[in-house]
Amino acid sequence: MEIRKKPNIPMCLVLDSSSRPFMTLLFTILLFLTGLASAVGAVGGSPTAGFKPADDILIDCGSKSSTKTPEGRVFKSDSETVQYIEAKDDIQVSAPPSDKLPSPIYLTAKIFREEAIYKFHLTRPGWHWVRLHFFAFPNDKFDLQQATFSVLTEKYVLLHNFKLSNDNNDSQATVQKEYLLNMTDAQFALRFKPMKGSAAFINGIELVSAPDELISDAGTSLFPVNGFSGLSDYAYQSVYRVNVGGPLITPQNDTLGRTWTPDKEYLKDENLAKDVKTNPTAIIYPPGVTPLIAPQTVYATGAEMADSQTIDPNFNVTWNFPSNPSFHYFIRLHFCDIISKSLNDLYFNVYINGKTAISGLDLSTVAGDLSAPYYKDIVVNSTLMTSELQVQIGPMGEDTGKKNAILNGVEVLKMSNSVNSLDGEFGVDGQRASMGKQGMVATAGFVMMFGAFVGLGAMVYKWKKRPQDWQKRNSFSSWLLPIHAGDSTFMTSKTGSHKSNLYNSALGLGRYFSLSELQEVTKNFDASEIIGVGGFGNVYIGTIDDGTQVAIKRGNPQSEQGITEFHTEIQMLSKLRHRHLVSLIGYCDENAEMILVYEYMSNGPFRDHLYGKNLSPLTWKQRLEICIGAARGLHYLHTGTAQGIIHRDVKSTNILLDEALVAKVADFGLSKDVAFGQNHVSTAVKGSFGYLDPEYFRRQQLTDKSDVYSFGVVLLEALCARPAINPQLPREQVNLAEWAMLWKQKGLLEKIIDPHLVGAVNPESMKKFAEAAEKCLADYGVDRPTMGDVLWNLEYALQLQEAFSQGKAEAEEVETPKPVAVPAAAPTSPAATTAAASERPVSQTEEKDDSTVDQHSGTTMFTQFASLNGR
């Protein structure tokens, strides 16, 4: 083997035939090691590996020469950046060197007594950091502590009437304001505008490109938990960037030159948290997460629950961050499971301002492995803000793996308001922001007070007009209803409602129950109080403080429905009131609980009275009345609100019966609004097997006809008294809809009806009922009737059955003479004729047009002739 070097030619290896195999292997190993080193460098090497900012403009304002910071960054002097500034006159001031300052850029400043503008040409538009550095050092030109000024861009207000002495109590402290702006133009300007009679100043300016993946356009909103899009349309101010459980991270150790502060000053109780750490090289970024989001040093440290090994660690670790309640906030939470020994062993909840932000977080599942970073972006609306932003982590409280929780980092960014301001309520053009929360509260208070006076007047008037016949005092009195003023509700209670109150009436969410109150009424959710079990969780019976018996549905944190459906049901039921819809009384979401409180339905689900529970069989008339009640409830959902509502989970277990067997539709966790004018909602397929609309399944387009199909299956359950799906039966009988329609087409449907109905059903009534079910089960939604049409046919079937029953009773009476003496016949009087006529069924033509009686039994008219409050 020889090595030859030619002039101006790169060195190369020339191998003889004897050494080629060995050298080939050596060369392969060399290439492998080179690639491995590159890979390690990409993950754990240079902090800024993988990203070089297109724009990196650093200015040391007031400096006569360039300045190098401790982290090695070079800020250019005034003379090197003169092309950026437009100012009538500016004053340069400086301070003597000091080792107490974090950077030498704070030793000089530029003072403006009139408006001054810095203009920059961007190499590449997009996300940029804008960092403004301030330090009010003593000088003989101007008292910088008293300088009052604003800083604006073409679109955003960054600082409004800013005064350093107001922003920081420590006059010797430096201040850095960091902003993240999505710049869409090639030009960017910073305007310093002193207040009249004052001055503006600046020590240093940074304008640095940020990676596009730093903030995506979509996140998650808090309460209700929903998707939040349009994040790229906001400007952001970094308020807190915290390395939980770890030390200060300086810009030279961050992937994007950021500063991460320790979390101890924000911890509410340090005794509840325990710092944990691992070697940063153990952190492996999964696909979709890069070191640019946060460096390995953030994910390699964290805080877990202290004493997590105790039998019942029922507490949360809490961090409090002082905040401005007038703004929305963007919260980025960083997680990395560095405490578990195996996968799927750590489940915990995350709360923001007392609301559940993440339920049942399993980091090894969402991140794909242990020691794999994961982050979550959450938008907190200003209506949920107070003077402090609170972040909490805690165990799920169920038997789900290790009772522990972990948090590795927190970033809190203020979001620009409706006039694109990050400071104050005025925009660049002087326009004022929309009414803030305090103004909303004041206005809401006035509306509520006005509504209370109106309601009080109505009560007094009704009291004066009350019935004087005290034997009628048990009759329904409308003046005892809750008083509504807009979306606010006022109610009285025998105990003054000292345990709980109506929560956020502006949201119309009903009464908020404390967890301790619900634990008391359910004997701490004792199994003996369970009256039902569903996919969402257990249902308990209880009696609240005013003596009302209620059903309390406690969500299972591992439920497939989850927190989204929990909030959906609250919002749906809080705005719906109908005789045939179950009423929501209130809810509780304390400590990650998802609890709904309903009116108690003593006779339980419709299904229990048809099969499986050995209850007394329902008569055909009772089944018809129950189906009619459910149809009325669904018809109201589809047409009785400004936006139609599709239930999406109609089935016999979601039709509940009260003590009088009045049917009420329940369980709105999967429901969807349909905007007026739209005929469908494109959404993922959800529902219950056996009731699912085949067209919805094929096209993933949900319509009100999807509910109609499901209701058709319920009708067959009522007729045949068997489940919608029974896999234990022969193959052709498994699916009730297919099996029943097969017999219907043969004209032999009566062969498969509930044996308890044989001989007790009017054939014409059953025929009309079966026709209604068949139409509901049409393959295509366009061929199915509306719920109003279904309701008409069911009421007709009920009238046929009532006529049949009455005729049968009269025939039996004729056949069985009474063993008493019969007086001589007397002439029939007009009164007798009238009485006899009143006993026969009332025909459609004999009904009064203004009749709007809505009884669950004894129907005397068809619903289509009554006011259904439809759209």
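Placed from the backbone N, Cα and C atoms, the Cβ positions cover glycine too.
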### Residue carrying N-linked glycosylation site as stated in Swiss-Prot, selected out of N316, N614
N316
### Task
Name the secondary structure element type, per DSSP in three states, that contains D649 (active site, proton acceptor).
coil
### Query
the topological domain 'Extracellular' (40-439): mean pLDDT?
89
#### Entry: Residues satisfying Cβ distance under 8 Å from D649 (active site, proton acceptor), sequence separation of at least 6
D667, G669, L670, S671, K686, G687, S688, Y691, S710
